[in-house]
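For reference, the structure discussed in these notes is given below.
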Amino acid sequence: MAASDQHRSRRHDESSSRPNKKKKVSRNPETNLLFNLNSCSKSKDLSAALALYDAAITSSEVRLSQQHFQTLLYLCSASITDISLQYLAIDRGFEIFDRMVSSGISPNEASVTSVARLAAAKGNGDYAFKVVKEFVSVGGVSIPRLRTYAPALLCFCEKLEAEKGYEVEEHMEAAGIALEEAEISALLKVSAATGRENKVYRYLHKLREYVGCVSEETLKIIEEWFCGEKAGEVGDNGIGSDVGMLREAVLNNGGGWHGHGWVGEGKWTVKKGNVSSTGRCLSCSEQLACVDTNEVETQKFVDSLVALAMDRKTKMNSCETNVVFSEFQDWLEKHGDYEAIVDGANIGLYQQNFVDGSFSLSQLESVMKELYRESGNNKWPLILLHKRRVKTLLENPTHRNLVEEWISNGVLYATPPGSNDDWYWLYAAAKLKCLLVTNDEMRDHIFELLGSTFFQKWKERHQVRYTFVKGNLKLEMPSPFSVVIQESEKGSWHFPVSCENNEESSRTWMCISRQSILDSPKSNGKIP
């Protein structure tokens, strides 16, 4: 054999005798069990998982952990919809949970949710709520979620145990957990079924606050209540006679609801129909409102903007930046008679990303003229534009006269160097409660302020988008009405129904009304 062949042969023998470093290390019994349980969970094989569990608890080699119990409990709770497995899943699930607790292992949120679902499937809402309360009282890193409470709440509502359902809701509220449509509908249904008219009123407003458009299932619950005998017996106890108070409440709430209680007398008229493009109900001819944020929300929004703007400027280590924003606040206080705020940079730079493209003052001028034309009070809007941009425009002889005219007329404010003009135009629009013309989606601001729900509502009411097609301007004004549940000062209700395509012209609305003082030819003198 040649020397080279001998060397290769020896090297091969040595390598084959050495362990392969890339070879998978054998798993310990606990890891093996968890792997197999996860496989059973994916395939929804409850029987196989229980067999693995039974073998593990009789073995001295396996020590069950929280993950093992969690996987088993999840699989049990996921099997309760299968009639053939329901009893097995419930019985073994409770057995597994008892062993978990007796072993000194604290259940996490996922495990508690699974046990609550098992208890609810058994019809034991008390136990479902008990395990959640015990979990919350212990505290820790894992916190309850809507899904943790839902089994107990829905179980109580289904069994018409209204007071217990309300107790669960109170516990959720204390934990900072908001209801969603399924839970609100369940509470609405049990309240209607047990004749609690004040609770029905409360949960209708919960739907308005958290849901917007309702599902067909929820609509049926609402319809059954208003068509029922109890709803017709509920009067307004004189509330409806104080029309001034109701109108003021609607105004303070931002439009679309007053929240003072049932208004009107007698049976309700329930109709399903459509709403015109201008917001006129085609069933009762009532004009739907364009719902804005209320006074408290708006002021909180303005205060948040000021705080965030100041904080950003402080982080820039400039001793002047807080002063200049305060100067703008003072200036706006003196000159703040505007119906619209214009994001100058957004409009001037629109579609200018081409060779030789620059700031288009003509586009900005078109927007200004159109807003002035559409203003019923012949008012010019206010442009917010960075001082550097204003300086450049003033240096251009073609633009100088127009820009100087805007400045002298108080319709152009130059934001100072080192400042983000976004904060200026957003603050101005919020403070003055007026329109904001920009195509900016403002995604950077949403999560820093009051949350996406509030900010989305504010944008829907105040943001004006625009397009230029072949140089022709088109402004996209906010909708003349809001597609949300509405309660009028007359006591009528309008419920928009969820639809797949969200096409407003074909959306079904349920219109609910009855006789009120505003329908009477004479009043008691309280109507202003």
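Cβ coordinates are placed from backbone N, Cα and C, and glycine is handled just like the others.
Per Swiss-Prot, the feature compositional bias 'Basic and acidic residues' maps to 1-16.
According to Swiss-Prot, the region 'Disordered' annotation covers 1-28.
What Swiss-Prot records for 108-142 is repeat 'PPR 3'. Residues of the same chain lying 6 or more positions beyond the ends of the repeat 'PPR 3' (108-142) and with a Cβ under 8 Å from any Cβ of it are 66, 69-70, 73-74, 76-77, 80, 86, 89-90, 93-94, 97, 100, 148-149, 151-152, 154-156, 159, 161, 164, 167-168, 171, 175.
Summarising the annotation, Swiss-Prot assigns repeat 'PPR 4' to 145-179. Packing against the repeat 'PPR 4' (145-179) from elsewhere in the chain are residues 109, 112-113, 116-117, 119-120, 123-126, 128-129, 132-133, 135-136, 186-187, 189-191, 193-194, 196, 199, 206, 210: each is 6 or more residues past its ends and has a CB under 8 Å from a CB in it.
The feature domain 'PRORP' is assigned by Swiss-Prot to 275-511.
The Zn(2+) binding site feature in Swiss-Prot is assigned to CYS281, CYS284, HIS494, CYS511. Cβ contacts within 10 Å of CYS281 (Zn(2+) binding site), excluding its own Cβ and spanning all protein chains shown: 22.
ASP421 (Mg(2+) 1 binding site) falls within a helix when secondary structure is assigned with DSSP. Note: ASP421 (Mg(2+) 1 binding site) has non-local neighbours ASP343, GLY344, ALA345, LEU384, LEU385, HIS386, THR415, i.e. same-chain residues 6+ apart with C-beta under 8 A of its own C-beta. Per Swiss-Prot, the feature Mg(2+) 1 binding site maps to ASP343, ASP421.
Within the group of binding-site residues (CYS284, CYS511), the Cβ with the highest number of other Cβ atoms inside 10 Å belongs to CYS511. Those residues of the chain, other than CYS281, CYS284, HIS494, CYS511, with a C-beta within 8 angstroms of the mean position of the Zn(2+) site C-beta atoms are LYS271, GLY273, VAL275, LEU282, SER283, SER285, GLU286, LEU288, SER492, TRP509, ILE512, SER513. Sequence-distant neighbours of HIS494 (Zn(2+) binding site) (same chain, 6+ apart, CB under 8 A from its CB) are VAL275, CYS281, GLU286, LEU288, ILE485, GLN486, SER488, TRP509, MET510, CYS511, ILE512. Model confidence over the repeat 'PPR 4' (145-179) stands at 97, taken as the mean pLDDT rounded to a whole number.
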